[in-house]
């Protein structure tokens, strides 16, 4: 990172599932604690895979988090002594998240968000592309393709071991039993078989 002499900026950590997004968010939050900075972490209520009140990485690292239902609920927890605001699984938040993040950065907070940049179909996911556009720093992580071992930038949704159809629901919170990382060439999204 570059030396920043002003307070308030946005960092986006994005990539496919199993690329280390939550792990990187946790690492950055822990570094702020060593620097005696005050941080708060948020997560959407919908993300309760491993814990209701922690952000937990797939490898078991965790940090306490405040679950919120709507983006603007974040404001209720912001205090002046905070330096850093971190938000995990940002793709699951409503459309107001972009404004919330902008307001917080403009008020002088370092805002770190992490989330999927593409849905299981390989299309831009939620508000993440907008957040990437307004961020000062974007870190795009890759996993390893579970089929061929190449760098994986996509998330494959599997239903009973088979790729999910294009028009299946976008949001379905799961872990390794329903998703795996894939490269561009091994990623498959068939048309709906019912049509």
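Cβ atoms here come from the backbone N, Cα and C positions, even for glycine.
Note that the structure is a prediction, hence the values are computed from the model and not measured.
All protein chains shown were included, and the count of other CB atoms within 10 Å of the CB of residue 88 (ATP binding site) stands at 26. The annotation ATP binding site is assigned in Swiss-Prot to 15, 16, 17, 18, 19, 20, 21, 22, 88, 89, 90, 91 on the grounds of sequence analysis.
Swiss-Prot lists 89 with the feature active site, proton acceptor, giving sequence analysis as the kind of evidence. In the three-state DSSP classification, residue 89 (active site, proton acceptor) falls within coil. Of all the Cβ atoms in the protein chains shown, 23 others lie within 10 Å of the Cβ of residue 89 (active site, proton acceptor).
Annotation for residue 171 (substrate binding site): same-chain Cβ neighbours under 8 Å, separated by at least 6 residues, are 46, 92. Sequence annotations record features per position, and here Swiss-Prot assigns substrate binding site to 120, 170, 171, 172, 173, 174, 179.
The Zn(2+) binding site annotation in Swiss-Prot covers 145, 148, 183, 186. Cβ environment of residue 148 (Zn(2+) binding site): 183, 185, 186 lie under 8 Å away, each six or more residues apart in the same chain.
Listed in chain order, the extra residues whose Cβ falls within 8 Å of the Cβ center of the Zn(2+) site residues 145, 148, 183, 186 are 146, 147, 149, 150, 152, 182, 184, 185, 187. DSSP assigns residue 21 (ATP binding site) to a helix in the three-state reduction. Fewest other C-beta atoms within 10 Å: among the binding-site residues 90, 120, 179, 183, 186, that description fits 186.
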